[in-house]
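Database features, via TrEMBL:
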- 30, 31, 32, 33, 34, 35, 143, 186: ATP binding site (BINDING)
- 56, 77, 78, 79, 104, 105, 106, 107, 147, 158: ribonucleoside 5'-phosphate binding site (BINDING)
- 111: CMP binding site (BINDING)
């Protein structure tokens with residue numbers, strides 16, 4: 001057990017030392033998240049990680065972990081947050097990048113709390129694609145990809161799950177000033193113009209400056225605490 005915990009600590013350490021930029025990408029089914037993530041990757045050198053894709057790839061791999069995930073899904077059970085987070089950590093580490101779009105995760109408050117606890121990483125912000133249900137429904141029914149879940153009943157269930165599970169996550173980060181809400185009912189080109197304004201050089205510099213000042217502040221706080229209180233530092 002100790003060796004597993006040590007391995008997790010090593011993985012977390014290697015990630016947090018890079019001071020990665022993580023952006024959660026949320027939006028209802030058919031809001032255009034995947035298309036815009038591809039545009040962001042092409043233009044701003046982020047690595048796009050889809051929690052759903054990682055789980056499906058693990059199942060296809062035939063690994064013991066993949067079999068467990070497949071069985072849980074067949075039984076209608078929710079895959080534990082820790083399983084999904086470990087797959088995300090592995091993909092982040094193997095990418096060699098330090099900028100990530102995490103698409104479709106966290107799906108609920110439990111996912112959110114577990115991600116921050118396990119990785120020690122808080123997202124730079126949440127990119128929320130806000131789109132009316134009628135428009136998302138129209139897109140899903142017209143995309144003709146042959147997916148089993150592209151029928152009206154299943155689509156409406158997915159809308160309901162998103163509203164009940166993911167909106168609390170959006171509200172949590174919105175209270176912290178970390179939500180970038182985008183009107184996703186427009187054309188792909190119009191939406192990306194707004195996206196570019198969020199990921200452009202000016203905002204990248206601002207985000208970098210904020211992270212740098214935050215680290216300097218915490219360093220100063222530790223130094224003052226040690227000077228004033230000896231080795232009994234105040235908790236940060």
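Cβ coordinates come from backbone N, Cα and C, glycine included.
Put simply, 104 is the one of the binding-site residues 31, 104, 186 whose Cα lies nearest to the Cα of residue 111 (CMP binding site). Rounded to a whole number, the C-alpha distance linking residue 186 (ATP binding site) with residue 104 (ribonucleoside 5'-phosphate binding site) is 20 angstrom. Here the candidates are the binding-site residues 56, 78, 106. The one whose C-alpha lies nearest to that of residue 143 (ATP binding site) is 56. When Cα-Cα distances from residue 33 (ATP binding site) are compared across the binding-site residues 56, 78, 104, 106, the shortest belongs to 104. Within the same chain, residues at least 6 positions away in sequence whose Cβ sits under 8 Å from that of residue 34 (ATP binding site) are 50, 103. For residue 35 (ATP binding site), other Cβ atoms within 10 Å of its Cβ number 14.
If you draw a 10 Å sphere around the CB of the residue listed as 'CMP binding site', it holds 21 other CB atoms from the protein chains shown.
Around residue 32 (ATP binding site), the same-chain residues at least 6 positions away in sequence with a Cβ under 8 Å from its Cβ are 129, 131, 139, 184, 188, 191. For the pair residue 31 (ATP binding site) and residue 104 (ribonucleoside 5'-phosphate binding site), the Cα-Cα distance reads 11 Å.
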